[in-house]
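As given in TrEMBL:
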type     : residues                                                                                                     : note
ACT_SITE : C:ARG231                                                                                                     : active site, involved in ionization of N3 of dUMP, leading to its activation
BINDING  : C:THR89, C:ARG112, C:HIS113, C:ARG114, C:GLU120, C:ASP220, C:LEU221, C:HIS222, C:ASN226                      : FAD binding site
BINDING  : C:GLN109, C:TRP110, C:VAL111, C:ARG112, C:GLU120, C:TYR121, C:SER122, C:ALA123, C:ARG124, C:ARG204, C:ARG231 : dUMP binding site
Number of protein chains: 4
Amino acid sequence: MALSKIHSEDVSNARAECSTTLRPTVPELEALLHTPLPVLDHGFVRVVDYMGDDNSVVQAARVSYGKGTKKVSEDRSLIRYLMRHRHTTPFEMAEIKLHVKLPIFVARQWVRHRTASINEYSARYSVLDKEFYIPSEEQIAAQSSNNKQGRGEILSIEDARFVMHLLKDDAERNYSTYKKLINDPNDNDEYDSTRQSVARELARINLSLNTYTQWYWKTDLHNLLNFLQLRADGHAQYEIRVYAEAILEILKVWTPITYEAFCDYRMHSLTLSRMALEVLKRVLAGETVTEDSSGLTPREWAELDTSFALSRKNSNAS
Amino acid sequence: MALSKIHSEDVSNARAECSTTLRPTVPELEALLHTPLPVLDHGFVRVVDYMGDDNSVVQAARVSYGKGTKKVSEDRSLIRYLMRHRHTTPFEMAEIKLHVKLPIFVARQWVRHRTASINEYSARYSVLDKEFYIPSEEQIAAQSSNNKQGRGEILSIEDARFVMHLLKDDAERNYSTYKKLINDPNDNDEYDSTRQSVARELARINLSLNTYTQWYWKTDLHNLLNFLQLRADGHAQYEIRVYAEAILEILKVWTPITYEAFCDYRMHSLTLSRMALEVLKRVLAGETVTEDSSGLTPREWAELDTSFALSRKNSNAS
Amino acid sequence: MALSKIHSEDVSNARAECSTTLRPTVPELEALLHTPLPVLDHGFVRVVDYMGDDNSVVQAARVSYGKGTKKVSEDRSLIRYLMRHRHTTPFEMAEIKLHVKLPIFVARQWVRHRTASINEYSARYSVLDKEFYIPSEEQIAAQSSNNKQGRGEILSIEDARFVMHLLKDDAERNYSTYKKLINDPNDNDEYDSTRQSVARELARINLSLNTYTQWYWKTDLHNLLNFLQLRADGHAQYEIRVYAEAILEILKVWTPITYEAFCDYRMHSLTLSRMALEVLKRVLAGETVTEDSSGLTPREWAELDTSFALSRKNSNAS
Amino acid sequence: MALSKIHSEDVSNARAECSTTLRPTVPELEALLHTPLPVLDHGFVRVVDYMGDDNSVVQAARVSYGKGTKKVSEDRSLIRYLMRHRHTTPFEMAEIKLHVKLPIFVARQWVRHRTASINEYSARYSVLDKEFYIPSEEQIAAQSSNNKQGRGEILSIEDARFVMHLLKDDAERNYSTYKKLINDPNDNDEYDSTRQSVARELARINLSLNTYTQWYWKTDLHNLLNFLQLRADGHAQYEIRVYAEAILEILKVWTPITYEAFCDYRMHSLTLSRMALEVLKRVLAGETVTEDSSGLTPREWAELDTSFALSRKNSNAS
């Protein structure tokens, strides 16, 4: 694919130009700068540039909250304090720029995170490559069984293959029509000199939503965490979640203390509503609370029960 | 189409519920509230709610710039003054909410206007209707002749019909596959009891970019003007421009003074660069300036010439 | 005070102009529209305009999540579901505009909420009134010893009176110098014909941070909730908290279901970190967990203990 | 002053830590990194960090508009093309972080640029230094003569000195009261053991608006240009304009091609309204246009006349 070739050249060029700088620098992140991390069947994420590190968060917070000492152990405490109390502005002081290749339907979810800068490959000006996302058999089965509209049964291998076949067939036909519409005289295989070519901006409307696009995406650490919390979550669609997971790995390398605090105080935290808080207090005070006496909705009771095994506790108690 | 039916019911319900209010109200806009204005082959724009009017801009500006008198003639002057000097914050004080039905490739351009709120129909949860945009013969021809990649010739009617046929054929096949994947047991025509259904979030990736979606879109008057300046412009793709034009008509009804000022000071204004300004000064001081002596790039000279017929002027002078 | 006079006239005028509208309308909010609610010694909050209601949130969510039925009980469930799962975009679909009079040091905190529109009274163009905030005796407190940012014990009446006296004295002197600098010929009491007047934009720099300013502030319901969560919280400075509390009363009238859900799932919720969650699970499974065995920091243990009386529980258990 | 001391130490530390990086680096900007550039009597601007350069704009644009060749001459053309046609998103791809010390009344104007990240020194936690802005005699005179409320006469040196004296006197008294309220036991000179100290968050309300504060301010290149266009403009208040001018110097070093394009197409451009455009066309077509026959308002005629000497032209013509 043409794009991939350009990239690998870009990557070597970019990785060849080494400079000295007085800016905060993260050697571990430098090691993977510019290199694409593969995601899905044709996608990738690569870090193109960054600004700041864990210490940039600390530095900004110290402007606000006073200076104090500067040991690393205290930096860690400060970052964890900020994360825990949702003091978010210091996390805006670090920035990252990613080059991402992703299916259009994933891009449509991603773009809803508005506090970010984007430059996307434009199919008004350039011709898209013949690359589209086809889910694996396992993914088709897995997602369909989670599907609330589904009937709970898992797709058979035959059915999954049939689905893959249909998706591939349609995507190829759409792409072939797209090329037929563009009818590029420089493209010997496809060119038909008896027909005029159609504007690229119109031809592209025939492509399917699993076609790959790519963009530069730049955001600050705070908004990156918001993105990750939503998109690395189990409720996110698998195809965007794998991008979020790749970025989590980047985060771990870039700002390891922030990463750890984010996991502890946001990703793996649990928020108790006023009502759930009351129930837990009653249980801890020794009371036996059942779904009926909890005052919670069945769904909220079930979720609290899943976290704390309240039913078991009660049955133990009795 | 199912959606259209729901809408017409919604429209009558919404238009039946009349209330009294102490808020600023625009009777001319009330007259078209909730009613869809058709755009493209299946799309529409309709005003669902609004807040404020021309006077809200005036009121906010008067907080900042002092009180003065309150005659309508002075309101007009003040709004024009604000528009001319790009005092934009008072225009943020009015707000509008639109319900829009639009092809996905148009939505992809529209969503890049970040200072707005959006709730889009989700094909993760609901099934999309069988509606896709097929450009008219004239549009296919017109866009292709403007196309810088094109060869300047206009598509023949035969070629345009061939294009329409290809687009329609692919879109229908994609939709039919989509329904086959969803395999809804409540859909007698399509249901195949021997196959499991695929998750909606996966099935939708097979749809083409000309499929219609819909959303609620809410923004303030200032950001609406930014949207209109870019998207009602001749360089915008036809398919989003017709939406911008429909919204311009709404603007004219909602805030007529702002609309007029926007046309005079933004839509139909011309910005001269430092160099173009110098050229015009020289010409007006009686000097004969040619492309060579102008110091402008060929493209910039051509544009200035188009606006002011400098070449003619010079040839007159000689 | 000049400003107050203008306001009361504005209020009666605004409340006199009644229109009919097809927009969603909240009669309870109409009843208090335009009327200033007093805050602090000279400040106020008044609703100038609004767009939408609880149902606007529901309407937007239904576009995304499918249609369902429309009973009020289900609307309430849906709003609570959205609040609980942080599905925030539907809450952006309602908007409110407030006119607020507030001390400059409060405005400096308030303005950090960036997703809002502001038009502030400009002392570059107009002369500020002689109004400044002097805290009441009860509000004057010592620097808190445990909370670095907050207030500790209340000062003795004598000390508090001394503070009030100092603040009043300085503010009056600053204001008197301000008027002397402006040296307005239309102000008979102050005008000195032997001196030139100083630009208003310079004269104002002499005012103290407790001088009152005023602005129009417009935001959407989602961002309003973010403001309220931070500023109605016990850690917020008293002087901005009382504004947040006044706005909470407005919220309760405007969108009562959202208000209730906000209290239950955000204001009075508790977020457990990964570590705190582990501790609670262990305790509920019957284990005796002490500060030492908890793995929490002393501060985090203390907070968890405050919420759930873990120490008491353990001592009961033993 | 304590703050200044900390800074000079910070500066040497920061400038001592040199790293190698694969990121885009601007040696000319590295040379002034961390070093404060003085502004006003006690203020400064210093670059703390940056991301990207002119080439980052080019790189992002090439993702959108296709690849093309890569010569520097073409990079310049591309940046100028983007600036001229207001293709703003590629300019969001570079970022800068500044540490600024500035009077509070300047901070109040600055903070209205919302698309930026800020961490400000908090007087809730820390005690402010005794530093306030006192305008020079020349500034007091100059600003007052521009003052539309003034009587056009220039302040005498005596009057200006009187103003300086009043400002200085009040600021010192306010600061002295501030310290008296804080009543810090570690401050031997001021401490009064018979009185309780007042919470810092309250004591600070007595400070005047010319007191210095400081913050970290981070924004992208596009939003920086918006800031500069408004604040380096002749209509901006002198005290913020000098900060904008200092930042313009930084811009020139950081992104010289963008700087040049910004000057040519934005700072020194002129926007003609629809009506002014018509007038110029008529004049260039040989018609004699007067204020009366122009259809422009007196003010707009005067401005156009100032730019193009239309009156002279007409009198020449006759």
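Glycine residues also receive a Cβ, built from the backbone N, Cα and C atoms like all the rest.
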Closest of the recorded positions to C:HIS113 (FAD binding site), Cα to Cα, picking from C:SER122, C:ARG124, C:ARG231?
C:ARG231
Return the binding-site residues from the list C:THR89, C:GLN109, C:VAL111, C:HIS113, C:SER122, C:ASN226 for which some CB of chain B is under 8 Å from the residue's own CB; sequence order; 'none' if the set is empty.
C:THR89, C:SER122
Just to verify a number: CA distance, C:GLN109 (dUMP binding site) to the residue listed as 'active site, involved in ionization of N3 of dUMP, leading to its activation', in angstrom, no decimals.
9
C-alpha spacing of C:ARG231 (active site, involved in ionization of N3 of dUMP, leading to its activation) relative to C:ARG124 (dUMP binding site), in angstrom:
29
Between the two most separated Cα atoms in C:GLN109, C:TRP110, C:VAL111, C:ARG112, C:GLU120, C:TYR121, C:SER122, C:ALA123, C:ARG124, C:ARG204, C:ARG231, the residues recorded as binding dUMP, what distance in Å do you get?
29
Give me the non-local Cβ neighbours of C:GLU120 (FAD binding site): same chain, 6+ apart in sequence, Cβ-Cβ under 8 Å, ordered along the sequence.
C:ALA107, C:THR213, C:GLN214, C:TRP215
When each of the binding-site residues C:GLN109, C:HIS113, C:SER122, C:ASN226 is checked against chain D, which show a C-beta distance below 8 angstroms?
none
Per DSSP, to which secondary structure element type does C:THR89 (FAD binding site) belong, with helix, strand and coil as the options?
helix
Of the binding-site residues listed as C:THR89, C:VAL111, C:SER122, C:LEU221, the one whose CA lies nearest the CA of the residue listed as 'active site, involved in ionization of N3 of dUMP, leading to its activation':
C:VAL111
To the nearest whole angstrom, state the Cα distance for the pair C:ASN226 (FAD binding site) and C:SER122 (dUMP binding site).
27
Name the residues of the same chain, 6+ apart in sequence, whose Cβ is under 8 Å from the Cβ of C:LEU221 (FAD binding site)?
C:GLY52, C:VAL57, C:PHE91, C:GLU92, C:MET93, C:ALA94, C:GLU95, C:ILE96, C:THR255, C:THR258
What does the structure give for the C-alpha distance between C:SER122 (dUMP binding site) and C:THR89 (FAD binding site)? Integer Å is fine.
33
Which residues, sitting 6 or more apart from C:VAL111 (dUMP binding site) on the same chain, put a CB under 8 Å from its CB?
C:ILE118
Let me know the largest Cα to Cα distance in Å among the FAD-binding residues C:THR89, C:ARG112, C:HIS113, C:ARG114, C:GLU120, C:ASP220, C:LEU221, C:HIS222, C:ASN226, as an integer.
28
Below 8 Å Cβ to Cβ and six or more residues apart, same chain only. Which residues does that give for C:THR89 (FAD binding site)?
C:ALA60, C:SER64, C:HIS222
Reduce the DSSP letter at C:HIS113 (FAD binding site) to three states and note it down.
coil
Using DSSP reduced to three states, classify C:SER122 (dUMP binding site) as helix, strand or coil.
coil
